[in-house]
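Student: Here it is, the structure in full.
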Amino acid sequence: MVTSEGHPRAPLLEELKETPAGTLSEWRLFPSSMKFIFWNEFCERFSFYGLKAILALFLADRLGLSELKATEMLHVFTMACYATPVLGAVISDTLLGKYRTILSLSLLYALGNWVMSVSAIPDLDPVTKRASTHAIMGSAAGLMLIAMGTGGIKPCVAAFGGDQIEFSMPHGHVKERLRMVFFSVFYFAINVGAFLSMIITPLLRANVSYAAAFGMPSVLMVVSVLIFWAGRGKYVHRGAVGSVFSTVGKVVVDAVRLRKGDFGYQRGDSHWLDPAKVANTEHDVEDVKALLRVIVFLLPAPMFGCLYGQKASVWVFQARQMNGRVSWLGDIIIRPDQMQALDPFLILFFIPLSSQVIYPFFEKHGMGLKLMKRMILGMFLCCLAIFTSGLVQLAIDRQATSGSIGSYSNAFPTSEPAISIYNGVFNTINANGTTHQVSILWQVPQYAIITAAEVLFSITGLEFAYSQAPVSMKSVVQAVWLLTSAAGDMVTISLVGIIGDKLTKANRSFLFVGVGLIAMLFMIWISSYLKYKEDVNDEVVSMADNLQIESTVI
(Lines of atoms letter the chains of each structure in order from A and count residues from 1; the text may use other names and numbers.)
(Lines give C-alpha, C1' and ligand atoms only; values in the text may rest on other atoms or scores of the structure.)
Protein backbone atom coordinates (compact mmCIF):
# COMPACT_ATOMS: atom_id res chain seq x y z
CA MET A 1 0.00 0.00 0.00
CA VAL A 2 1.25 3.48 -0.92
CA THR A 3 1.48 5.82 2.09
CA SER A 4 2.03 9.56 2.31
CA GLU A 5 5.11 9.15 4.47
CA GLY A 6 8.18 9.34 2.24
CA HIS A 7 6.12 10.15 -0.84
CA PRO A 8 8.10 12.45 -3.21
CA ARG A 9 5.30 15.01 -3.12
CA ALA A 10 4.47 14.62 0.57
CA PRO A 11 4.60 18.39 1.34
CA LEU A 12 2.10 19.08 -1.43
CA LEU A 13 -0.10 16.25 -0.17
CA GLU A 14 -0.21 17.84 3.26
CA GLU A 15 -0.96 21.24 1.74
CA LEU A 16 -3.84 19.89 -0.32
CA LYS A 17 -5.42 18.26 2.73
CA GLU A 18 -6.11 21.78 4.01
CA THR A 19 -7.17 23.13 0.61
CA PRO A 20 -10.92 23.40 -0.07
CA ALA A 21 -12.33 20.99 -2.63
CA GLY A 22 -12.92 22.48 -6.05
CA THR A 23 -9.62 24.35 -6.38
CA LEU A 24 -7.11 23.79 -9.17
CA SER A 25 -4.30 22.70 -6.83
CA GLU A 26 -5.03 19.06 -7.59
CA TRP A 27 -3.51 19.48 -11.06
CA ARG A 28 0.00 19.58 -9.58
CA LEU A 29 -0.35 16.07 -8.21
CA PHE A 30 -1.35 14.28 -11.40
CA PRO A 31 1.25 11.71 -12.55
CA SER A 32 3.18 12.71 -15.69
CA SER A 33 1.62 9.80 -17.59
CA MET A 34 -1.80 11.48 -17.45
CA LYS A 35 -1.12 13.86 -20.33
CA PHE A 36 -0.69 10.93 -22.73
CA ILE A 37 -3.96 9.38 -21.57
CA PHE A 38 -5.90 12.65 -21.86
CA TRP A 39 -4.59 13.44 -25.36
CA ASN A 40 -5.11 9.84 -26.47
CA GLU A 41 -8.73 9.99 -25.31
CA PHE A 42 -9.25 13.36 -27.02
CA CYS A 43 -8.10 12.01 -30.41
CA GLU A 44 -9.96 8.70 -30.08
CA ARG A 45 -13.22 10.39 -29.17
CA PHE A 46 -12.77 12.85 -32.05
CA SER A 47 -12.52 9.82 -34.30
CA PHE A 48 -15.56 8.03 -32.88
CA TYR A 49 -17.97 10.95 -32.59
CA GLY A 50 -16.86 12.40 -35.92
CA LEU A 51 -17.87 9.17 -37.62
CA LYS A 52 -21.06 8.77 -35.58
CA ALA A 53 -22.17 12.37 -36.26
CA ILE A 54 -22.61 11.74 -39.98
CA LEU A 55 -23.43 8.03 -39.87
CA ALA A 56 -27.23 8.37 -39.77
CA LEU A 57 -27.26 10.59 -42.87
CA PHE A 58 -24.72 8.32 -44.60
CA LEU A 59 -26.95 5.30 -44.05
CA ALA A 60 -29.96 7.19 -45.42
CA ASP A 61 -28.37 9.18 -48.26
CA ARG A 62 -25.66 6.82 -49.53
CA LEU A 63 -26.94 3.37 -48.58
CA GLY A 64 -30.59 4.19 -49.28
CA LEU A 65 -32.11 3.20 -45.94
CA SER A 66 -35.34 4.74 -44.65
CA GLU A 67 -35.20 6.95 -41.56
CA LEU A 68 -36.60 4.16 -39.38
CA LYS A 69 -34.16 1.57 -40.75
CA ALA A 70 -31.23 3.99 -40.53
CA THR A 71 -32.18 4.68 -36.90
CA GLU A 72 -32.24 0.94 -36.18
CA MET A 73 -28.88 0.34 -37.90
CA LEU A 74 -27.19 3.23 -36.10
CA HIS A 75 -28.35 1.84 -32.76
CA VAL A 76 -27.18 -1.66 -33.76
CA PHE A 77 -23.71 -0.20 -34.39
CA THR A 78 -23.78 1.73 -31.11
CA MET A 79 -24.98 -1.36 -29.28
CA ALA A 80 -22.03 -3.34 -30.69
CA CYS A 81 -19.64 -0.59 -29.57
CA TYR A 82 -20.92 -0.84 -26.01
CA ALA A 83 -21.30 -4.64 -25.90
CA THR A 84 -17.74 -5.51 -26.99
CA PRO A 85 -16.18 -3.92 -23.87
CA VAL A 86 -16.80 -7.26 -22.18
CA LEU A 87 -14.38 -8.81 -24.71
CA GLY A 88 -11.84 -6.07 -24.03
CA ALA A 89 -12.15 -6.56 -20.28
CA VAL A 90 -11.57 -10.31 -20.59
CA ILE A 91 -8.51 -9.82 -22.80
CA SER A 92 -7.14 -7.16 -20.45
CA ASP A 93 -7.72 -8.96 -17.16
CA THR A 94 -6.79 -12.48 -18.28
CA LEU A 95 -4.27 -12.17 -21.13
CA LEU A 96 -2.58 -8.90 -22.05
CA GLY A 97 -3.11 -6.35 -19.30
CA LYS A 98 -4.59 -2.90 -19.93
CA TYR A 99 -1.67 -1.28 -21.81
CA ARG A 100 -1.18 -3.98 -24.44
CA THR A 101 -4.94 -4.45 -24.85
CA ILE A 102 -5.43 -0.74 -25.56
CA LEU A 103 -2.52 -0.61 -28.00
CA SER A 104 -3.44 -3.74 -29.98
CA LEU A 105 -7.17 -3.05 -30.27
CA SER A 106 -6.50 0.59 -31.17
CA LEU A 107 -4.65 -0.65 -34.26
CA LEU A 108 -7.73 -2.70 -35.22
CA TYR A 109 -9.84 0.40 -34.58
CA ALA A 110 -7.67 2.54 -36.89
CA LEU A 111 -7.92 -0.10 -39.64
CA GLY A 112 -11.71 -0.01 -39.42
CA ASN A 113 -11.72 3.77 -39.82
CA TRP A 114 -9.66 3.58 -43.00
CA VAL A 115 -11.85 0.79 -44.41
CA MET A 116 -14.91 2.97 -43.77
CA SER A 117 -13.29 5.96 -45.46
CA VAL A 118 -12.26 4.00 -48.56
CA SER A 119 -15.72 2.42 -48.82
CA ALA A 120 -17.30 5.87 -49.05
CA ILE A 121 -15.20 6.87 -52.10
CA PRO A 122 -17.22 5.25 -54.93
CA ASP A 123 -19.90 7.43 -56.50
CA LEU A 124 -23.55 6.43 -56.33
CA ASP A 125 -24.95 4.16 -59.02
CA PRO A 126 -26.31 6.51 -61.72
CA VAL A 127 -29.46 4.41 -62.11
CA THR A 128 -30.40 3.41 -58.56
CA LYS A 129 -28.80 6.48 -56.92
CA ARG A 130 -27.43 4.19 -54.22
CA ALA A 131 -24.03 2.88 -53.20
CA SER A 132 -22.64 -0.25 -54.82
CA THR A 133 -22.68 -3.65 -53.14
CA HIS A 134 -18.92 -3.39 -52.57
CA ALA A 135 -19.37 -0.04 -50.80
CA ILE A 136 -22.12 -1.50 -48.61
CA MET A 137 -20.05 -4.56 -47.68
CA GLY A 138 -16.98 -2.38 -47.06
CA SER A 139 -18.98 -0.06 -44.81
CA ALA A 140 -20.31 -3.03 -42.85
CA ALA A 141 -16.79 -4.44 -42.42
CA GLY A 142 -15.42 -1.06 -41.36
CA LEU A 143 -18.15 -0.52 -38.77
CA MET A 144 -17.58 -4.03 -37.40
CA LEU A 145 -13.85 -3.39 -36.94
CA ILE A 146 -14.54 -0.01 -35.34
CA ALA A 147 -17.08 -1.55 -32.94
CA MET A 148 -14.59 -4.23 -31.89
CA GLY A 149 -11.78 -1.69 -31.51
CA THR A 150 -13.57 1.12 -29.70
CA GLY A 151 -15.55 -1.30 -27.57
CA GLY A 152 -12.48 -3.31 -26.67
CA ILE A 153 -10.51 -0.33 -25.39
CA LYS A 154 -13.42 1.43 -23.64
CA PRO A 155 -13.26 -0.44 -20.32
CA CYS A 156 -9.47 -0.27 -20.28
CA VAL A 157 -8.64 3.40 -20.92
CA ALA A 158 -10.60 4.91 -18.02
CA ALA A 159 -9.48 2.11 -15.68
CA PHE A 160 -5.87 2.49 -16.89
CA GLY A 161 -6.01 6.21 -16.11
CA GLY A 162 -7.48 5.48 -12.70
CA ASP A 163 -4.64 3.03 -12.05
CA GLN A 164 -2.10 5.84 -12.50
CA ILE A 165 -3.61 7.48 -9.41
CA GLU A 166 -4.58 4.34 -7.52
CA PHE A 167 -1.11 2.78 -7.56
CA SER A 168 1.03 5.91 -7.31
CA MET A 169 -0.77 7.92 -4.63
CA PRO A 170 -1.20 7.28 -0.88
CA HIS A 171 -4.68 6.44 0.38
CA GLY A 172 -6.71 9.26 1.85
CA HIS A 173 -8.87 12.30 1.15
CA VAL A 174 -6.48 13.82 -1.42
CA LYS A 175 -6.49 10.64 -3.45
CA GLU A 176 -10.28 10.58 -3.51
CA ARG A 177 -10.33 14.18 -4.72
CA LEU A 178 -7.76 13.46 -7.41
CA ARG A 179 -9.81 10.53 -8.64
CA MET A 180 -12.92 12.70 -8.89
CA VAL A 181 -10.95 15.39 -10.77
CA PHE A 182 -9.46 12.74 -13.07
CA PHE A 183 -12.84 11.44 -14.22
CA SER A 184 -14.12 14.99 -14.74
CA VAL A 185 -11.05 15.95 -16.80
CA PHE A 186 -11.23 12.62 -18.64
CA TYR A 187 -14.84 13.36 -19.59
CA PHE A 188 -13.81 16.91 -20.47
CA ALA A 189 -11.22 15.56 -22.96
CA ILE A 190 -13.88 13.28 -24.45
CA ASN A 191 -16.21 16.19 -25.07
CA VAL A 192 -13.58 18.56 -26.50
CA GLY A 193 -12.81 15.90 -29.10
CA ALA A 194 -16.51 15.22 -29.68
CA PHE A 195 -17.37 18.92 -30.07
CA LEU A 196 -14.67 19.63 -32.63
CA SER A 197 -15.44 16.48 -34.61
CA MET A 198 -19.17 17.24 -34.72
CA ILE A 199 -18.41 20.64 -36.22
CA ILE A 200 -15.71 19.58 -38.70
CA THR A 201 -16.95 16.25 -40.10
CA PRO A 202 -20.43 17.55 -41.10
CA LEU A 203 -18.72 20.43 -42.92
CA LEU A 204 -16.49 17.97 -44.78
CA ARG A 205 -19.55 15.86 -45.59
CA ALA A 206 -21.50 18.84 -46.96
CA ASN A 207 -18.67 20.62 -48.79
CA VAL A 208 -16.29 17.82 -49.87
CA SER A 209 -17.52 14.22 -49.58
CA TYR A 210 -18.38 11.44 -47.19
CA ALA A 211 -14.98 9.88 -47.88
CA ALA A 212 -13.22 13.05 -46.71
CA ALA A 213 -15.50 13.28 -43.69
CA PHE A 214 -14.63 9.70 -42.68
CA GLY A 215 -10.97 10.34 -43.52
CA MET A 216 -10.53 12.97 -40.79
CA PRO A 217 -11.48 10.55 -37.96
CA SER A 218 -9.14 7.99 -39.55
CA VAL A 219 -6.19 10.37 -39.27
CA LEU A 220 -7.03 11.27 -35.66
CA MET A 221 -7.21 7.59 -34.69
CA VAL A 222 -3.68 7.03 -35.98
CA VAL A 223 -2.54 10.07 -33.96
CA SER A 224 -4.28 8.62 -30.91
CA VAL A 225 -2.33 5.36 -31.21
CA LEU A 226 0.99 7.21 -31.58
CA ILE A 227 0.33 9.40 -28.54
CA PHE A 228 -0.56 6.43 -26.36
CA TRP A 229 2.53 4.52 -27.51
CA ALA A 230 4.75 7.55 -26.79
CA GLY A 231 3.92 7.39 -23.07
CA ARG A 232 4.89 3.73 -22.69
CA GLY A 233 7.82 4.47 -20.37
CA LYS A 234 5.81 6.56 -17.89
CA TYR A 235 2.76 4.39 -17.17
CA VAL A 236 2.07 2.40 -14.03
CA HIS A 237 1.50 -1.11 -15.38
CA ARG A 238 -0.52 -3.90 -13.85
CA GLY A 239 -0.40 -7.17 -15.73
CA ALA A 240 -3.23 -9.65 -16.28
CA VAL A 241 -4.65 -10.92 -12.99
CA GLY A 242 -6.36 -14.09 -14.19
CA SER A 243 -9.87 -15.06 -15.21
CA VAL A 244 -12.28 -12.91 -13.25
CA PHE A 245 -15.32 -14.58 -14.78
CA SER A 246 -14.24 -18.04 -13.61
CA THR A 247 -13.75 -16.65 -10.10
CA VAL A 248 -17.22 -15.08 -10.10
CA GLY A 249 -18.81 -18.25 -11.43
CA LYS A 250 -17.09 -20.45 -8.87
CA VAL A 251 -18.08 -18.23 -5.95
CA VAL A 252 -21.74 -18.10 -7.02
CA VAL A 253 -21.97 -21.85 -7.67
CA ASP A 254 -20.27 -22.68 -4.37
CA ALA A 255 -22.58 -20.31 -2.49
CA VAL A 256 -25.68 -22.01 -3.90
CA ARG A 257 -24.27 -25.52 -3.38
CA LEU A 258 -23.04 -24.97 0.16
CA ARG A 259 -26.14 -23.08 1.22
CA LYS A 260 -28.18 -26.27 0.77
CA GLY A 261 -25.77 -28.47 2.72
CA ASP A 262 -24.11 -28.36 6.10
CA PHE A 263 -20.44 -27.77 5.09
CA GLY A 264 -19.80 -25.34 7.94
CA TYR A 265 -22.33 -22.75 6.75
CA GLN A 266 -23.88 -20.80 9.61
CA ARG A 267 -27.45 -19.59 9.18
CA GLY A 268 -26.51 -16.32 10.82
CA ASP A 269 -24.30 -15.28 7.91
CA SER A 270 -25.44 -11.90 6.59
CA HIS A 271 -25.06 -12.42 2.85
CA TRP A 272 -26.18 -15.24 0.58
CA LEU A 273 -22.63 -15.51 -0.85
CA ASP A 274 -21.02 -16.04 2.56
CA PRO A 275 -21.27 -19.88 2.41
CA ALA A 276 -18.80 -19.76 -0.49
CA LYS A 277 -16.08 -18.70 1.96
CA VAL A 278 -15.79 -22.36 2.94
CA ALA A 279 -14.40 -23.24 -0.52
CA ASN A 280 -12.96 -19.84 -1.59
CA THR A 281 -10.83 -17.12 -0.05
CA GLU A 282 -12.67 -14.40 1.82
CA HIS A 283 -11.06 -11.86 -0.53
CA ASP A 284 -12.61 -13.50 -3.62
CA VAL A 285 -16.06 -13.68 -2.02
CA GLU A 286 -15.93 -10.02 -0.96
CA ASP A 287 -14.85 -9.02 -4.45
CA VAL A 288 -17.83 -10.81 -5.98
CA LYS A 289 -20.11 -9.10 -3.45
CA ALA A 290 -18.75 -5.73 -4.54
CA LEU A 291 -19.30 -6.64 -8.20
CA LEU A 292 -22.94 -7.56 -7.53
CA ARG A 293 -23.46 -4.29 -5.65
CA VAL A 294 -22.28 -2.37 -8.70
CA ILE A 295 -24.54 -4.38 -11.01
CA VAL A 296 -27.61 -3.79 -8.84
CA PHE A 297 -26.82 -0.08 -8.67
CA LEU A 298 -26.65 0.10 -12.48
CA LEU A 299 -29.79 -1.90 -13.29
CA PRO A 300 -31.84 1.15 -14.40
CA ALA A 301 -28.94 2.66 -16.40
CA PRO A 302 -29.89 1.09 -19.79
CA MET A 303 -32.97 3.29 -19.98
CA PHE A 304 -30.81 6.38 -19.73
CA GLY A 305 -28.73 5.08 -22.64
CA CYS A 306 -31.92 4.45 -24.60
CA LEU A 307 -33.14 8.03 -24.15
CA TYR A 308 -29.74 9.67 -24.53
CA GLY A 309 -29.08 7.84 -27.80
CA GLN A 310 -32.02 9.62 -29.47
CA LYS A 311 -29.88 12.66 -30.15
CA ALA A 312 -27.67 10.76 -32.63
CA SER A 313 -30.57 9.44 -34.69
CA VAL A 314 -34.08 10.78 -34.07
CA TRP A 315 -32.92 14.33 -33.31
CA VAL A 316 -30.75 14.45 -36.47
CA PHE A 317 -33.72 13.51 -38.64
CA GLN A 318 -35.84 16.02 -36.72
CA ALA A 319 -33.30 18.77 -37.46
CA ARG A 320 -33.52 17.82 -41.13
CA GLN A 321 -37.13 19.04 -41.12
CA MET A 322 -36.22 22.42 -39.65
CA ASN A 323 -34.86 25.71 -40.92
CA GLY A 324 -31.10 25.80 -40.36
CA ARG A 325 -30.49 29.34 -41.55
CA VAL A 326 -29.70 31.77 -38.70
CA SER A 327 -30.09 35.29 -40.11
CA TRP A 328 -29.01 37.16 -36.99
CA LEU A 329 -25.73 35.23 -36.79
CA GLY A 330 -24.15 36.23 -40.09
CA ASP A 331 -26.74 34.28 -42.07
CA ILE A 332 -24.96 31.01 -41.26
CA ILE A 333 -26.46 27.61 -41.99
CA ILE A 334 -26.43 24.98 -39.23
CA ARG A 335 -26.40 21.46 -40.66
CA PRO A 336 -28.67 18.84 -39.06
CA ASP A 337 -25.73 16.68 -37.97
CA GLN A 338 -23.90 19.71 -36.57
CA MET A 339 -26.55 20.33 -33.92
CA GLN A 340 -25.12 17.37 -32.00
CA ALA A 341 -22.04 19.51 -31.29
CA LEU A 342 -24.13 21.46 -28.78
CA ASP A 343 -23.92 18.56 -26.34
CA PRO A 344 -20.11 18.38 -25.99
CA PHE A 345 -19.87 22.19 -26.24
CA LEU A 346 -22.17 22.65 -23.26
CA ILE A 347 -20.42 19.81 -21.43
CA LEU A 348 -17.22 21.89 -21.49
CA PHE A 349 -19.00 24.45 -19.30
CA PHE A 350 -21.20 22.15 -17.24
CA ILE A 351 -18.34 19.91 -16.03
CA PRO A 352 -16.26 22.64 -14.34
CA LEU A 353 -19.45 24.31 -13.14
CA SER A 354 -20.57 21.14 -11.39
CA SER A 355 -17.23 19.86 -10.10
CA GLN A 356 -15.74 23.21 -9.11
CA VAL A 357 -18.83 25.16 -8.01
CA ILE A 358 -22.10 23.23 -7.56
CA TYR A 359 -20.89 20.03 -5.85
CA PRO A 360 -18.44 21.84 -3.49
CA PHE A 361 -21.16 24.35 -2.61
CA PHE A 362 -23.57 21.60 -1.52
CA GLU A 363 -20.81 19.76 0.34
CA LYS A 364 -19.78 22.93 2.16
CA HIS A 365 -23.33 23.40 3.38
CA GLY A 366 -23.72 19.78 4.47
CA MET A 367 -25.99 18.81 1.57
CA GLY A 368 -23.64 16.70 -0.55
CA LEU A 369 -25.22 15.21 -3.67
CA LYS A 370 -24.63 11.48 -3.27
CA LEU A 371 -24.20 9.26 -6.29
CA MET A 372 -27.76 7.96 -6.44
CA LYS A 373 -29.29 11.42 -6.03
CA ARG A 374 -27.24 12.70 -8.96
CA MET A 375 -28.23 9.78 -11.16
CA ILE A 376 -31.94 10.04 -10.32
CA LEU A 377 -31.89 13.75 -11.14
CA GLY A 378 -30.00 12.98 -14.35
CA MET A 379 -32.64 10.43 -15.39
CA PHE A 380 -35.43 12.94 -14.74
CA LEU A 381 -33.71 15.61 -16.85
CA CYS A 382 -33.16 13.10 -19.64
CA CYS A 383 -36.89 12.36 -19.70
CA LEU A 384 -37.58 16.11 -19.73
CA ALA A 385 -35.27 16.54 -22.75
CA ILE A 386 -37.08 13.84 -24.74
CA PHE A 387 -40.42 15.37 -23.76
CA THR A 388 -39.19 18.76 -25.01
CA SER A 389 -38.14 17.21 -28.33
CA GLY A 390 -41.63 15.73 -28.63
CA LEU A 391 -43.15 19.19 -28.23
CA VAL A 392 -40.83 20.51 -30.95
CA GLN A 393 -41.89 17.64 -33.21
CA LEU A 394 -45.55 18.56 -32.66
CA ALA A 395 -44.77 22.07 -33.91
CA ILE A 396 -42.96 20.64 -36.95
CA ASP A 397 -45.88 18.31 -37.70
CA ARG A 398 -48.34 21.20 -37.55
CA GLN A 399 -46.26 23.10 -40.10
CA ALA A 400 -46.07 19.99 -42.31
CA THR A 401 -49.86 19.58 -42.12
CA SER A 402 -50.37 23.18 -43.26
CA GLY A 403 -48.02 22.53 -46.17
CA SER A 404 -45.55 25.27 -45.23
CA ILE A 405 -42.57 23.16 -44.25
CA GLY A 406 -40.24 21.61 -46.78
CA SER A 407 -37.71 18.82 -46.75
CA TYR A 408 -34.10 19.32 -45.75
CA SER A 409 -33.14 20.45 -49.25
CA ASN A 410 -35.86 23.09 -49.19
CA ALA A 411 -35.12 24.06 -45.62
CA PHE A 412 -31.56 25.09 -46.52
CA PRO A 413 -31.88 27.07 -49.77
CA THR A 414 -28.84 28.63 -51.40
CA SER A 415 -30.32 32.10 -51.02
CA GLU A 416 -32.86 33.72 -48.72
CA PRO A 417 -36.43 33.63 -50.17
CA ALA A 418 -37.56 37.05 -51.25
CA ILE A 419 -40.90 36.72 -49.46
CA SER A 420 -39.35 35.88 -46.06
CA ILE A 421 -38.20 38.35 -43.46
CA TYR A 422 -36.47 37.73 -40.11
CA ASN A 423 -38.42 38.23 -36.91
CA GLY A 424 -37.08 37.33 -33.47
CA VAL A 425 -34.51 34.67 -32.63
CA PHE A 426 -36.23 31.40 -33.48
CA ASN A 427 -38.67 31.93 -36.35
CA THR A 428 -38.63 32.84 -40.01
CA ILE A 429 -41.90 34.45 -41.13
CA ASN A 430 -43.53 35.33 -44.40
CA ALA A 431 -44.29 38.89 -45.38
CA ASN A 432 -47.90 38.40 -44.32
CA GLY A 433 -46.75 37.53 -40.80
CA THR A 434 -47.48 33.78 -40.88
CA THR A 435 -44.82 31.34 -39.72
CA HIS A 436 -42.84 29.89 -42.62
CA GLN A 437 -40.80 27.25 -40.85
CA VAL A 438 -39.67 26.03 -37.43
CA SER A 439 -36.12 27.16 -36.72
CA ILE A 440 -33.47 24.58 -35.87
CA LEU A 441 -32.63 26.73 -32.83
CA TRP A 442 -35.73 25.32 -31.11
CA GLN A 443 -33.61 22.21 -30.53
CA VAL A 444 -31.27 24.17 -28.24
CA PRO A 445 -33.38 23.69 -25.06
CA GLN A 446 -33.57 19.91 -25.45
CA TYR A 447 -29.79 19.71 -26.02
CA ALA A 448 -29.11 21.89 -22.96
CA ILE A 449 -31.34 19.73 -20.76
CA ILE A 450 -29.89 16.42 -21.96
CA THR A 451 -26.35 17.75 -21.46
CA ALA A 452 -27.12 18.56 -17.83
CA ALA A 453 -28.56 15.06 -17.53
CA GLU A 454 -25.37 13.58 -18.97
CA VAL A 455 -23.18 15.39 -16.44
CA LEU A 456 -25.30 14.15 -13.54
CA PHE A 457 -25.73 10.58 -14.78
CA SER A 458 -22.82 9.56 -17.00
CA ILE A 459 -19.89 11.14 -15.17
CA THR A 460 -21.25 9.94 -11.84
CA GLY A 461 -21.69 6.44 -13.23
CA LEU A 462 -18.17 6.41 -14.68
CA GLU A 463 -16.67 7.46 -11.35
CA PHE A 464 -18.82 4.98 -9.45
CA ALA A 465 -17.95 2.06 -11.73
CA TYR A 466 -14.24 2.58 -11.05
CA SER A 467 -14.23 3.61 -7.41
CA GLN A 468 -16.56 0.86 -6.19
CA ALA A 469 -14.90 -1.93 -8.21
CA PRO A 470 -12.58 -4.44 -6.56
CA VAL A 471 -8.97 -3.98 -7.67
CA SER A 472 -9.06 -7.28 -9.57
CA MET A 473 -12.21 -6.30 -11.48
CA LYS A 474 -11.64 -2.69 -12.59
CA SER A 475 -11.93 -3.40 -16.32
CA VAL A 476 -14.83 -5.82 -15.85
CA VAL A 477 -16.87 -3.25 -13.92
CA GLN A 478 -16.06 -0.60 -16.53
CA ALA A 479 -17.35 -3.08 -19.12
CA VAL A 480 -20.54 -3.58 -17.09
CA TRP A 481 -21.05 0.19 -17.01
CA LEU A 482 -20.59 0.42 -20.79
CA LEU A 483 -22.81 -2.62 -21.30
CA THR A 484 -25.70 -0.60 -19.91
CA SER A 485 -25.42 1.64 -22.99
CA ALA A 486 -25.57 -1.41 -25.24
CA ALA A 487 -28.66 -2.57 -23.38
CA GLY A 488 -30.15 0.89 -23.90
CA ASP A 489 -29.62 0.61 -27.65
CA MET A 490 -31.25 -2.81 -27.57
CA VAL A 491 -34.30 -1.25 -25.90
CA THR A 492 -34.39 1.40 -28.64
CA ILE A 493 -34.08 -1.17 -31.43
CA SER A 494 -36.84 -3.29 -29.88
CA LEU A 495 -39.26 -0.40 -29.35
CA VAL A 496 -38.66 1.06 -32.82
CA GLY A 497 -39.13 -2.39 -34.37
CA ILE A 498 -42.37 -2.98 -32.48
CA ILE A 499 -43.83 0.51 -32.97
CA GLY A 500 -42.73 1.10 -36.58
CA ASP A 501 -45.01 3.72 -38.15
CA LYS A 502 -47.91 3.03 -35.81
CA LEU A 503 -47.21 6.21 -33.84
CA THR A 504 -46.28 9.69 -34.98
CA LYS A 505 -42.72 10.84 -34.27
CA ALA A 506 -43.96 13.06 -31.43
CA ASN A 507 -45.94 10.25 -29.81
CA ARG A 508 -42.94 7.93 -30.09
CA SER A 509 -40.98 10.48 -28.07
CA PHE A 510 -43.69 10.64 -25.43
CA LEU A 511 -43.72 6.83 -25.22
CA PHE A 512 -39.96 6.84 -24.54
CA VAL A 513 -40.53 9.46 -21.84
CA GLY A 514 -43.04 7.17 -20.12
CA VAL A 515 -40.62 4.25 -20.13
CA GLY A 516 -37.88 6.53 -18.81
CA LEU A 517 -40.04 7.70 -15.91
CA ILE A 518 -40.70 4.07 -14.96
CA ALA A 519 -36.93 3.52 -14.86
CA MET A 520 -36.53 6.61 -12.67
CA LEU A 521 -39.11 5.29 -10.20
CA PHE A 522 -37.19 2.00 -10.13
CA MET A 523 -34.02 3.96 -9.29
CA ILE A 524 -35.82 5.68 -6.43
CA TRP A 525 -36.90 2.27 -5.14
CA ILE A 526 -33.33 0.95 -5.32
CA SER A 527 -32.04 4.04 -3.50
CA SER A 528 -34.28 3.19 -0.56
CA TYR A 529 -32.15 0.06 -0.05
CA LEU A 530 -28.84 1.88 -0.18
CA LYS A 531 -26.83 3.07 2.77
CA TYR A 532 -23.59 4.99 2.32
CA LYS A 533 -21.04 4.08 4.94
CA GLU A 534 -18.21 6.53 5.47
CA ASP A 535 -15.64 6.53 8.26
CA VAL A 536 -14.15 9.98 8.35
CA ASN A 537 -11.60 8.92 10.96
CA ASP A 538 -10.09 6.23 8.77
CA GLU A 539 -8.08 7.37 5.75
CA VAL A 540 -7.42 3.85 4.52
CA VAL A 541 -10.76 2.63 3.22
CA SER A 542 -11.11 -0.43 1.06
CA MET A 543 -12.68 0.61 -2.23
CA ALA A 544 -14.97 -2.42 -2.17
CA ASP A 545 -16.37 -1.23 1.18
CA ASN A 546 -16.96 2.42 0.29
CA LEU A 547 -20.59 1.70 -0.48
CA GLN A 548 -22.50 -0.77 1.65
CA ILE A 549 -25.81 -2.01 0.28
CA GLU A 550 -27.79 -3.39 3.18
CA SER A 551 -30.65 -5.14 1.50
CA THR A 552 -31.99 -8.46 0.31
CA VAL A 553 -32.02 -7.02 -3.24
CA ILE A 554 -28.68 -8.71 -3.95
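Cβ atoms here come from the backbone N, Cα and C positions, even for glycine.
Found this in TrEMBL, in case it helps:
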- 42-60: transmembrane segment (TRANSMEM)
- 72-90: transmembrane segment (TRANSMEM)
- 102-121: transmembrane segment (TRANSMEM)
- 141-160: transmembrane segment (TRANSMEM)
- 181-204: transmembrane segment (TRANSMEM)
- 210-230: transmembrane segment (TRANSMEM)
- 345-362: transmembrane segment (TRANSMEM)
- 374-396: transmembrane segment (TRANSMEM)
- 479-498: transmembrane segment (TRANSMEM)
- 510-530: transmembrane segment (TRANSMEM)
Student: Do any residues of this chain, six or more beyond the ends of the transmembrane segment (141-160), have a C-beta under 8 angstroms from a C-beta of it, and if so which?
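Tutor: Answer is 37, 40-41, 44, 48, 51, 77, 80-89, 91-92, 98-99, 101-102, 105-117, 119, 183, 186, 235, 462, 466, 474-476, 478-479, 481-482.
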Student: Counting Cβ pairs under 8 Å to the transmembrane segment (210-230), which of 102-121, 181-204, 479-498 comes out on top?
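Tutor: Comparing 102-121, 181-204, 479-498: 102-121 has the most Cβ pairs near the transmembrane segment (210-230).
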Student: Which listed stretch (42-60, 72-90, 345-362, 479-498) has the most C-beta pairs under 8 A with the transmembrane segment (181-204)?
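Tutor: Going through each listed stretch, the top one turns out to be 42-60.
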Student: Given a Cβ distance threshold of under 8 angstroms, which distant residues of the chain, six or more beyond its ends, lie next to the transmembrane segment (102-121)?
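Tutor: Same-chain residues near the transmembrane segment (102-121) but 6 or more away: 44, 47, 51, 58, 62, 88, 91, 96, 134-135, 138-139, 141-150, 152-153, 156-157, 160, 209-211, 213-215, 217-218, 221-222, 224-225, 228-229.
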Student: Which bits of the chain, at least 6 residues beyond where the transmembrane segment (479-498) starts or stops, bring a Cβ under 8 A of a Cβ in it?
Tutor: 68, 71-72, 75-76, 78-83, 85-86, 88-89, 151, 154-155, 291, 294-295, 298, 301-310, 461-462, 464-465, 508, 511-512, 515
